[in-house]
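*Asks:* The Mg(2+) binding site annotation in Swiss-Prot covers ASN8, GLU382 and rests on sequence analysis. The feature ATP binding site is assigned by Swiss-Prot to LYS15, HIS206, LEU207, GLY208, ASN209, GLY210, ASP281, LEU282, ARG283, GLY329, ILE330, GLY331, GLU332, ASN333, with sequence analysis given as support. For ARG89, the entry in Swiss-Prot reads substrate binding site, with the evidence type sequence analysis. What Swiss-Prot records for ASP146 is active site, proton donor/acceptor. Summarising the annotation, Swiss-Prot assigns site 'Transition state stabilizer' to HIS178, ARG239.
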Amino acid sequence: MSKIIAINAGSSSLKFQLFEMPSEKVLTKGLVERIGLDNGIFTISVNDEKKTETTDIPDHSVAVKMLLDKLTKFGIIKDLNEIDGIGHRVVHGGEKFSDSVLLTDEMIHEIEEISELAPLHNPANIVGIKAFKEVLPNVPAVAVFDTAFHQTMPEQSYLYSLPYEYYEKFGIRKYGFHGTSHKYVTERAAELLGRPIEELRLISCHLGNGASIAAVEGGKSIDTSMGFTPLAGVAMGTRSGNIDPALIPFIMEKTGQTADEVLNTLNKKSGLLGISGFSSDLRDIVEATKEGNERAETALEVFASRIHKYIGSYAARMSGVDAIIFTAGIGENSVEVRERVLHGLEFMGVYWDPALNNVRGKEAFISYPHSPVKVIVIPTNEEVMIARDVVRLAH
């Protein structure tokens, strides 16, 4: 039995889960918020009871020390020697990393070198890695990359039709994200279908505040909707998804915004929030549609129809599909979104049951038993994938 901690470090936050392996039992989980800001918040669950503390947490090293201190204080572990491995989520692995890696100083340096590909995320992930290394220098640590699963995409999927030297010199290509989630749910779908993943064509819809669709053939990602950054693809909570690139100088000219300001608008003020004008939270949008809010209705239709189109194009790409998977916050919980996305897909053999679709947050088949294409809701579990990779690489 080993104890593995899975870490997801953001710029001012640190999410954690402690697993007992190989049983994959969650011993505790929690969140440190507002790191480096006033009134930091530390939350941990102890015997299914949430304990919260507010205190100043100046940096990630302090957050890590606090977390480890609480694990022993609450008797979750006897001492720090019980921690056998640490798994870190790293958003961008570039072309360099097509699998998770054991973290050496050299590997940390290589991750730092590709940080320009994900300036919002990778630096924070690295801060988390270094904070743990400082406090637990002898515990093996593994980096698990969001982009790694998509490194199996063929050239025709990942190349942009730009001058080829941009790819050679600057690494400009599609990378794709949510890879750990897409990998988990497609492997789980194969188990639920009782078929080897090698013979399956799956479309995975990871729908949260960020959303991406992946075409997974024989267990390998062959295409995905996000691109060089997580801004591409379908419309999201606050992100625009795909737009005509010529709009950027046009918007700059019309509004007087700089390129960075337009990019900020595309990342933080667009998507569901941009169209509805009042919220990026899908639950608010759905409630507003019930009250007859037309802009909310439009936002919901745009969101669902873009996903619907990706499903059609990926089915064509794989010459068919065996199952469609819904996961992440919206995919797992929004009956309405699934209904709108699936509507009209009968022509390709998707027959779903409105009664079975009335499910939230748990594994379920929502297609009729006779449906040639199965539709499955699978709650994602990126943390357990991280823990499994630590066991695979460090033990």
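Note that Cβ sites are derived from N, Cα and C of the backbone, with glycine treated the same way.
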*Asks:* Which one of these recorded positions, LYS15, ARG239, has the sparsest Cβ neighbourhood, judged by other Cβ atoms within 10 angstroms?
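*Replies:* Minimum Cβ neighbour count within 10 Å, taken over the recorded positions LYS15, ARG239, occurs at LYS15.
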*Asks:* Roughly how many angstrom lie between the C-alpha atoms of the residue listed as 'active site, proton donor/acceptor' and GLU332 (ATP binding site)?
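*Replies:* On Cα coordinates alone, these residues lie 20 Å apart.
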*Asks:* Using C-alpha atoms, which one of the recorded positions ASN8, ARG89, HIS178 comes nearest to GLU332 (ATP binding site)?
*Replies:* HIS178
*Asks:* Count the Cβ atoms, other than its own, that fall within 10 Å of the Cβ of LEU207 (ATP binding site), considering every protein chain shown.
*Replies:* 28
*Asks:* DSSP on HIS178 (site 'Transition state stabilizer'), three-state: which is it?
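*Replies:* DSSP call for HIS178 (site 'Transition state stabilizer'): coil, neither helix nor strand.
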*Asks:* If one measures from the C-alpha of HIS178 (site 'Transition state stabilizer') to the C-alpha of GLU382 (Mg(2+) binding site), what distance in angstrom results, rounded to a whole number?
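*Replies:* That comes out at 9 Å between the alpha carbons.
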*Asks:* Translate the DSSP assignment of ARG283 (ATP binding site) into the three-state scheme.
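*Replies:* For ARG283 (ATP binding site) - judged by DSSP and reduced to three states - the answer is helix.
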*Asks:* What span in Å does the ATP site cover, taken as the longest CA to CA distance among LYS15, HIS206, LEU207, GLY208, ASN209, GLY210, ASP281, LEU282, ARG283, GLY329, ILE330, GLY331, GLU332, ASN333?
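*Replies:* Farthest-apart Cα atoms in LYS15, HIS206, LEU207, GLY208, ASN209, GLY210, ASP281, LEU282, ARG283, GLY329, ILE330, GLY331, GLU332, ASN333 are separated by 24 Å.
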*Asks:* Going along the chain, which residues six or more apart from ILE330 (ATP binding site) have their CB under 8 A from its CB?
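*Replies:* Listed in sequence order: LEU207, GLY208, ALA211, LEU282, VAL337.
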*Asks:* Within 10 Å of GLU382 (Mg(2+) binding site) (Cα-Cα), which of the binding-site residues LYS15, ARG89, ASN209, ARG283?
*Replies:* ARG89
*Asks:* According to DSSP, collapsed to three classes, what secondary structure does ARG239 (site 'Transition state stabilizer') have?
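*Replies:* Looking at the DSSP assignment, ARG239 (site 'Transition state stabilizer') belongs to neither helix nor strand, so coil.
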*Asks:* Starting from ARG283 (ATP binding site), work out which of the recorded positions listed here (ASN8, ARG89, ARG239) have their Cα within 10 Å, and give them in sequence order.
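*Replies:* If one measures from the Cα of ARG283 (ATP binding site), no recorded positions come within 10 Å, so the answer is none.
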*Asks:* Tell me, how many other CB atoms lie within 10 A of the CB of GLU332 (ATP binding site), whichever protein chain they belong to?
*Replies:* 22
*Asks:* Among the binding-site residues listed here (ASN8, LYS15, ARG89, ASP281), which has the Cα closest to the Cα of ARG239 (site 'Transition state stabilizer')?
*Replies:* ASP281
*Asks:* HIS178, ARG283: which of these recorded positions has the highest Cβ count within 10 Å of its own Cβ?
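*Replies:* Within the set of recorded positions, the most crowded position is HIS178.
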